[in-house]
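Now, the feature entries from TrEMBL:
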- 28-74: region 'Disordered' (REGION)
- 36-46: compositional bias 'Polar residues' (COMPBIAS)
- 47-56: compositional bias 'Basic and acidic residues' (COMPBIAS)
- 268-295: coiled coil (COILED)
- 383-680: domain 'Kinesin motor' (DOMAIN)
- 467, 468, 469, 470, 471, 472, 473, 474: ATP binding site (BINDING)
């Protein structure tokens, strides 16, 4: 509808610019009469005669004048305009507020036909201005019908104006023929007297001037007619668009009305349903109110009964309270007597508790004595001590998925496989000592320290770490790279302890290190005087040790590490000599090639490592079975450890475990090997102390 309003506004502006008048308002071009008497030619007798000849045709312009151009009388025009203003003029309000009867009166044919064009345009302007003020592009249906009727009347008048212009054009053609005939008459009269000829020539000149003016007027009229025809076509197009827009607006209005009726009907139905629901709810509420009233009445009656009961109960309690007060006095007397007797019992209990504390101290002494006796029994049997240490989880590993289920205080260890069920899921083992993931290096060494000290007493001691790759063997024996004294492993702590004890015994013993034969080619012995000397030699050995990365360990040891310390001492008082040795062995880790993904040199190294560990297993199996032949020569490793495994030495094995579920099979294999090792009995360890007489006889021999 906005487009329709814009088109009507444009039409109004164009009418105002052109100044087009209604045929009823008068002729724009004036009267077509042009009598010869007005131009001064009547003085000529000849011209009067010619005029009399032409006079029968002088009525032609009057006959050609269009009846539409005839102006009404002033009285009738005033009456029509006054009546139109009575019908169309609004004193107050809007066109949309007019009643249907008023609009029907305005749409009568005689009212619109006799109304001035300016009044019709004022109606259109009023409707357009009202539509613009409404700002919703909606025009009531009755006002739209009035607007359409007014536009049709304006269209009819424009068509009538075009017909009038065509009539004027025909009139101009008749006048031209008339003047042409006059020119011919004047040319015929030119041959007359000189005076008349001059007059005729003057008249002819005036006629030519009038002719040129008429031609210009004709040309202007033709152009104006063409312009009006073109504008008429544009108006026709605009009016057709307006009609289409009005039709669409009417359809939209009808559709909107239909939609509003549908929505109103649906809303009405919804409200009726809601009213029914509310009526039902109201009835339910009334029923509930009646029920609550009855319930409230019953509660009120019950409360009255309870009040009566409570009054009786209070009276009874008041009487009982009096009796209770009398009883409390007797109870206080009894309490005093009980307190006195309890005090005596507490004194007796303190005496007994002191005796129990003394007995507890004796228990700890007995427990320590039992532990000492167990160690002595182990030394008498010569069994290999087995200490198990469980490596903590590395950063990034899930600690909740572990194979270690239980760690006992007396060496018990339970290992489970989360992926299995039944009897094969759990395995129990027992060793001399179990170190959990939270154990420190100092705690591990504290149980090893007695063995280290026995080296200075002339005993042979061997400590070696066994386990799969990445289980923490090197950490236990050596410690991390660049470790502080707090993180030192068994090697560094044992060496530090040896030199510390030797310094404490310097008044009674003289210790020195001498060369001794080794089973490993290119190995040599060096005299040392301090821990730093030994650490320097260990550093040289570690540089020569092969280390490589595998899928299971970024710094996997690809060879065994053996630190052998030979101690020779002399008793300054008796002259007796003693010889002891300490083997600190960090075995390379056993590994499965399919998990470590070793290839090339790493594969060859893994094969050599597994072969030497297999030879060690054969030696342990033979010792456990107490076979007469023990295959020490199957490997350089077993040859090096022969004095510790086959002689009268004290041997300790650290079993390193990886608690990760993915290493369950390696864990079980390692624990079973350690279990076999713990069953090996080497015999009681003996010191290599030699008396002065024995040494002199050996020197003589």
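Each residue, glycine too, has its Cβ placed from N, Cα and C.
Everything TrEMBL records as a feature, shown here on the structure.
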| residue | record | Cβ neighbours (10 Å) |
| --- | --- | --- |
| 467 | ATP binding site | 27 |
| 468 | ATP binding site | 23 |
| 469 | ATP binding site | 26 |
| 470 | ATP binding site | 25 |
| 471 | ATP binding site | 29 |
| 472 | ATP binding site | 19 |
| 473 | ATP binding site | 27 |
| 474 | ATP binding site | 27 |
Conformational class of residue 474 (ATP binding site) under the three-state DSSP mapping: helix
Residue 467 (ATP binding site) - helix vs strand vs coil (DSSP): strand
